[in-house]
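Engineer: Take a look at what Swiss-Prot says about it:
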- 89, 276, 322: Mn(2+) 2 binding site (BINDING)
- 89, 90: Mn(2+) 1 binding site (BINDING)
- 53-331: domain 'PPM-type phosphatase' (DOMAIN)
- 1-36: region 'Disordered' (REGION)
């Protein structure tokens with residue numbers, strides 16, 4: 001990243017090795033090898049399925065190969081109450097490969113980072129562990145011998161549930177939203193747990209410009225701010241943080257995650273993680289209402305994806321539907337036991353999502369995002385403060401306006417590839 005540095009909140013060292021408790025934690029949090037992932041119980045990464053705590057679903061859009069990837073890992077780190085969930089939205093020519101690489105490798109790096117910390121890790125220690133894991137993941141992508149990430153990358157939103165705590169980290173515009181019951185009336189309220197890290201966030205734009213990157217929107221899509229090289233109108237990345245995208249890493253785009261901590265209460269019911277294909281057309285509250293109304297928990301993720309697909313067709317009939325990926329994590333750890341589930345979740349790997357209409361032309365360009373949703377309900381749980389948030393972006397989620405694709409027929413994460421070679425850019 002040259003001289004550009006992240007401006008996230010400062011991580012506090014947990015200190016100490018935790019004595020015998022720390023040694024036991026390090027034994028439990030021993031990461032398996034990547035070639036052993038398929039044999040790990042409780043780890044699911046299929047395109048449609050459920051675990052004992054979560055349900056997942058993805059559907060391919062109309063722009064080519066599905067570049068979204070998902071993960072649920074029950075018993076993460078050997079903890080009975082540990083669950084790690086993630087959604088990864090790739091972009092660029094090799095975005096689908098990047099997203100799957102992150103899906104498989106990032107949890108192992110987080111496990112290793114946690115193993116090196118003391119027992120009973122506080123939020124500050126988890127902030128540090130997530131930061132180390134994300135940094136190691138991006139380093140792995142840069143040095144990978146056969147994966148070209150120069151103009152390809154991926155978002156990441158990860159949620160780790162340990163007991164009554166949620167620890168979250170994200171880069172890009174995939175999002176986590178909490179469904180919680182209102183104190184009075186029993187209705188559901190949506191609480192946005194992460195912030196969409198796009199170039200129009202003031203602190204993100206400031207960093208990019210200080211690193212000589214440019215931020216502006218094209219005339220035909222004025223609501224989509226993008227990141228451009230200082231000497232070329234490329235690549236036009238529509239997010240401020242991402243894995244990969246090394247053509248922009250010297251110009252302000254970073255892979256340092258924003259970290260969030262949430263203490264759960266009995267009113268908190270579930271967490272939705274989804275790619276921007278969902279949030280471009282549905283508000284947080286609409287998504288929570290759809291999941292809450294699902295007659296079957298095991299079908300909740302599929303119901304939300306199908307609702308988003310219908311909204312794309314209804315609201316933006318001239319737009320190409322984006323890939324949609326959803327993970328629904330139920331915080332009580334329970335899942336209904338239907339026998340008609342389309343997949344058992346342990347140790348399944350189906351690399352492609354639902355198949356697109358073969359009669360509709362496919363485009364090989366990745367997708368992109370948009371400014372979108374957050375509606376604060378006065379007096380609701382949504383007014384609770386997220387711990388660990390950088391003060392300069394703490395209010396961004398509530399300040400973001402819900403904005404669909406009005407007047408835009410097609411939105412991609414990248415506009416075009418740079419005209420120069422990687423050797424020229426690095427040299």
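The backbone N, Cα and C atoms fix where each Cβ goes, and this holds for glycine too.
The model shown is predicted, which means the values in this text are computed figures rather than measured ones.
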Engineer: Averaged over the domain 'PPM-type phosphatase' (53-331), what pLDDT does the predicted model reach?
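Structural biologist: That stretch averages a pLDDT of 93.
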Engineer: In the structure shown, which of the binding-site residues 89, 276 has the fewest Cβ neighbours within 10 Å?
Structural biologist: 276
Engineer: Determine, from DSSP, whether residue 90 (Mn(2+) 1 binding site) sits in helix, strand or coil.
Structural biologist: strand
Engineer: Taking only the Cα atoms, work out how far residue 276 (Mn(2+) 2 binding site) lies from residue 90 (Mn(2+) 1 binding site), in Å, as a whole number.
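Structural biologist: Distance (Cα to Cα, whole Å): 11 Å.
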Engineer: Looking only at Cβ atoms, how many others are within 10 Å of the one on residue 90 (Mn(2+) 1 binding site)?
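Structural biologist: So the number of other Cβ atoms within 10 Å of residue 90 (Mn(2+) 1 binding site) is 32.
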Engineer: Which whole-number value in Å describes the distance between the Cα atoms of residue 322 (Mn(2+) 2 binding site) and residue 90 (Mn(2+) 1 binding site)?
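Structural biologist: Rounded to the nearest whole number, the Cα-Cα distance is 12 Å.
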Engineer: Counting every protein chain present, what is the number of Cβ atoms, excluding its own, within 10 Å of the Cβ of residue 322 (Mn(2+) 2 binding site)?
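Structural biologist: The answer is 34.
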